[in-house]
Amino acid sequence: MKAFHLLLFHGSFIFPECILIFGLILLLMIDSTSDQKDTPWLYFISSTSLVMSITALLFRWREEPMISFSGNFQTNNFNEVFQFLILLCSTLCIPLSVEYIECTEMAITEFLLFVLTATLGGMFLCGANDLITIFVAPECFSLCSYLLSGYTKRDVRSNEATTKYLLMGGASSSILVHGFSWLYGSSGGEIELQEILNGLINTQMYNSPGISIALISITVGIGFKLSPAPSHQWTPDVYEGSPTPVVAFLSVTSKVAASASATRIFDIPFYFSSNEWHLLLEILAILSMILGNLIAITQTSMKRMLAYSSIGQIGYVIIGIIVGDSNDGYASMITYMLFYISMNLGTFARIVSFGPRTGTDNIRDYAGLYTKDPFLALSSALCLLSLGGIPPLAGFFGKLHLFWCGWQAGLYFLVSIGLLTSVVSIYYYLKIIKLLMTGRNKEITPHVRNYRRSPLRSNNSIELSMIVCVIASTIPGISMNPIIAIAQDTLF
């Protein structure tokens, strides 16, 4: 009985995660006892469990930080805001996937199970407080990601993407564990983050070569999840070969979860090596912003262009990680990631809607889409303009606050690179918008001429997600202050 009460006590700290686990069990039960005609229930249960989990998080807001499960899991506002972002991503991605699944005849239950399980892994990673949980949680996320990326088994590109993703993911995980082993040994056998720092102080190993090896290895391992340059090789192939709803899901959730983990790992165990990891991240940010935006200009595939764009975007996010909580770096990073979720998913909503109906992903094949589907074209244009940082859209104010925090922290060169590459990104975003809005008959492609709005009920779900994303992407600057204030409350 005592063990049962202890389980209930610790379980109360992971109540949002328990809701998702219950949703997973319910999905399996319904799928095994009903026929294919009851598929709307599967979407309903998945979306409801995600919304209920978000509600549970909001009710727990501003509670005192707590450590549960013998120090393995930490609950505080900082972790919960990242969990909220992951849940928000998943909630918006499920409506985006309805039409794609119907058109491609993918297995629905397994798809939803993998999405919810990956979400669960990302949430546990946000609250992980020891090395074992920090390793197991992203592996849970990664395994589901591998399965989702190869979900269309008959597609050669999907199989190629999965193979590359799996091999590079396995290699990065082994490098990450290697770094953890150096931390574990140098700290005298500690696995909790704060205890590792205390152990390094006691053993006088915080400036040893072993810590440098650990720092490099962990940076490489986490870099695979964030996909900054030069750890970006898998990103374009996975984006191009994977099903579009899967790409939309992975493009945001993996970065949110990895950012939450990176801030805690770099800020606590490597407290005495701040100059070293700042330098490493500055190099990654510069390479990401330059390579990501320059290579994106040359792409002809919409998904590959967004892949390189995401590499550049993570360079901006890294600026917030480097600044830290001293100059509102974390607050600006959280705010920008919230806007990035809406901007990116809104852009992918267009691809999900256009791709299955036309069978193309080429950027030039979108020419003249405004003449056939004005809502889709205008919504896409707003999201792309926000990604480029055009005022008065949300992306502009998100970047402005992020760069201002970096400037105040003395990262003048890094911010200058960010400003220049943002200007470069505007070029290829405007190029796409020009194609979308063209009305010249000579430029309108056969794919657009034959384009038909879907009569399926699933079209409404895509439009619902897109409306939410467009509204969030076009929030004017007057809403920035309360958003920044909420983000500042999350600092640990």
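Backbone N, Cα and C atoms are what each Cβ position is placed from, and that goes for glycine too.
Annotated in Swiss-Prot:
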TRANSMEM  6-26  transmembrane segment
TRANSMEM  81-101  transmembrane segment
TRANSMEM  106-126  transmembrane segment
TRANSMEM  131-151  transmembrane segment
TRANSMEM  165-185  transmembrane segment
TRANSMEM  209-229  transmembrane segment
TRANSMEM  277-297  transmembrane segment
TRANSMEM  305-325  transmembrane segment
TRANSMEM  329-349  transmembrane segment
TRANSMEM  377-397  transmembrane segment
TRANSMEM  400-420  transmembrane segment
TRANSMEM  466-486  transmembrane segment
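The transmembrane segment (81-101) is not in contact with the transmembrane segment (165-185), judged by fewer than 3 CB-CB distances under 8 Å for residue pairs 6 or more apart in sequence.
Tertiary proximity for the transmembrane segment (329-349) is limited to same-chain residues at least six positions away from its ends with a CB under 8 Å from its CB atoms, namely 78, 81-82, 85, 88-89, 92-93, 96, 244-245, 247-248, 251-252, 255-256, 259, 263, 306, 310, 313, 316-317, 319-323, 379-380, 382-384, 386-387, 394-395, 398-399, 401-402, 404-406, 409, 462, 465-466, 468-473, 475, 480, 483-484, 487-488, 490-491. Touching of the transmembrane segment (277-297) and the transmembrane segment (466-486) is ruled out by the presence of fewer than three CB pairs under 8 A, sequence neighbours closer than 6 excluded. Comparison of 165-185, 209-229, 377-397, 400-420 by number of C-beta pairs under 8 angstroms to the transmembrane segment (305-325) places 400-420 first. Within its own chain, the transmembrane segment (377-397) is flanked in space by residues 309, 313, 339-340, 342-344, 346-347, 349-350, 369-370, 422, 425-426, 429-430, 432-433, 436-437, 466-467, 469-470, 472-477, 480, which lie at least six positions past its ends and keep a Cβ under 8 Å from the stretch. Outside the transmembrane segment (209-229) by six or more residues, the chain places 138, 168-169, 172-173, 175-180, 182-183, 185-186, 200, 235, 254-255, 257-259, 261-262, 265, 270, 273, 276-277, 280-281, 284-285, 287-288, 290-292, 310-311, 314-315, 317-318 with a CB less than 8 A from a CB of the stretch. Residues of the same chain lying 6 or more positions beyond the ends of the transmembrane segment (400-420) and with a Cβ under 8 Å from any Cβ of it are 282, 285-286, 289-290, 315-317, 319-320, 322-323, 326-329, 331-333, 335-336, 389, 480, 484.
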